Amino acid sequence: MPRAVRIRGDELEKTEREAKRRNLTEKEKEEEEESTALHPTSPRSPGEVAIRTSHPKILFAVFEPDDRTQLEAKQDRVVESVAEEESSSEPLSPPIYEPYLPEELADDPDILHDFKDAKARYYKERNRRIRLFTMDHHYYKAPSCLFNPHLLLPILEPARDAALRTAKSVILLSSFVGDDPLNKCSGLWFQRDDQSKTALVLTSAQLIREKNPKKPSEWRQQWTGKYLRDAEVFVHFLDNTAAPGRLLYLQEHYEFALYEFEVDKPVQLLTFTERVRCGQDVLRLGRDESLDLRISHGMVAHKIPSRHERCHYMYFSRDPSTRLLLQDDGGAIIDLEGKVVGLVNNHIVETFVPSFILHRCLDFWRRFNCMPRLHLGMAFTSIEHLDPICIERMTRDHNIESGLIVEQVSKGSNAEKIGIREGDVIESFNGKYVSTTIELEQMLIDICWDHFHQGKCLYEEKDVSVKIFDAIKHHRRTRNLTVIVSDLGEDIVKCTYPFMGKEAM
């Protein structure tokens, strides 16, 4: 069996080990300082960056906070090779030569017949050689945006490095109900336990979402639906093997799931970052059924969500020259350093869940075994993301510079009962001004953290103070809004009533 050996000689390895021993104390100090910078000391902070637990064999993906600035040196790569045992009796592969027919023999029918046979053998062998894995770039039409260097020339080199650095952490998942296939999604390794030989995968909840047989083309465009928690899910390793997994947790509102799989070899974990801004160059990574990597270039964008989209979504504004990718729900949105800024949520509307939400949810899950948020009974649009003409008009006429416009109020909700209506502006929660729906989600999770830190539980009511600008009466008021602490998906119930005729009205 082939045996793995290092390219470097024994003497070089010995010198390297001695150098490492001399620098061990200094490196440990540096790692301790770095770990302190990454781990806030407050036990109440949901932004805590968990790299390792108290168990030395369990490793987590790294989360970098948005306000952290650190220069990272490019890690030296240790090259390893596999020494193949070569048999001296095995013949060398012969070179192939294309036959040609000399002019003086062109009229001989027997030679002409043999020449055609030789020509056929040549093309057969040539086609076989062209199909070698090292030569497939000649005929394979790459779906990667990085295959056309002219379009991405300014960022081509870092984009390639980032994609390849992240690739080993991006995997393919498939789900089944009985013998019937359900869905396929990508996924990301984010935790491993070397002692139990298990690893956790973060993926999109679309993996186990029930399809609507009446509207098969629209099922992914809705954020309400049924999830099949008992569906069988398999991970497809990059060596073409597969293994079954089990569902650990499903977050219906943020639409992602955690699965555990048995692994017989270490898996590569990712680095997540909360540093993401509108207009930032990013890559979208997923895997297809052949386990080939799918790469698309685009930019981070803020958009006004439709009635069927969550308020916390961020958007992947795809490069027009890049083809639309399929089956990359659950894949990674990465920056040009190879750090994950979000999880692909829906490849049709091209939304993703930003890393800061993933970070806080995973912190909650490790600490309290759940991922809650406050259910407000409303959906919003950020004033900050409107046309500047609209913002200036609001400021000029009503002294409104920022806040959240109420787009929907759930029928029968507490928000409806205290008089909040569509078109009103929510300017603050618990005395803190909020400008975007992303800020709102962070605030809602932080309130839940305090709620659980006080020893309270899921599905309990909690009062929050909201400052409202009444768009009809043009005045401000502050009210207490009773909300629910829940880890379920929040559905906004449309306000309807049965029309029974004029007499009933």
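Residue numbers in this text run from 1 along the chain shown.
Note: Cβ is positioned from N, Cα and C throughout, glycine not excepted.
What TrEMBL says about this protein:
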type     : residues : note
REGION   : 1-51     : region 'Disordered'
COMPBIAS : 7-28     : compositional bias 'Basic and acidic residues'
REGION   : 73-96    : region 'Disordered'
DOMAIN   : 405-444  : domain 'PDZ'
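Non-local neighbours of the domain 'PDZ' (405-444) in the same chain are 302, 307, 311-312, 314, 354, 356-357, 360, 373-374, 376-385, 464-472, 476, 479-483, 491-496; each lies 6+ residues outside the stretch with a CB under 8 Å from one of its CB atoms.
Each residue in the domain 'PDZ' (405-444) has a pLDDT score, and their mean in this model is 91. According to DSSP, the domain 'PDZ' (405-444) comprises 12 helix, 12 strand, 16 coil.
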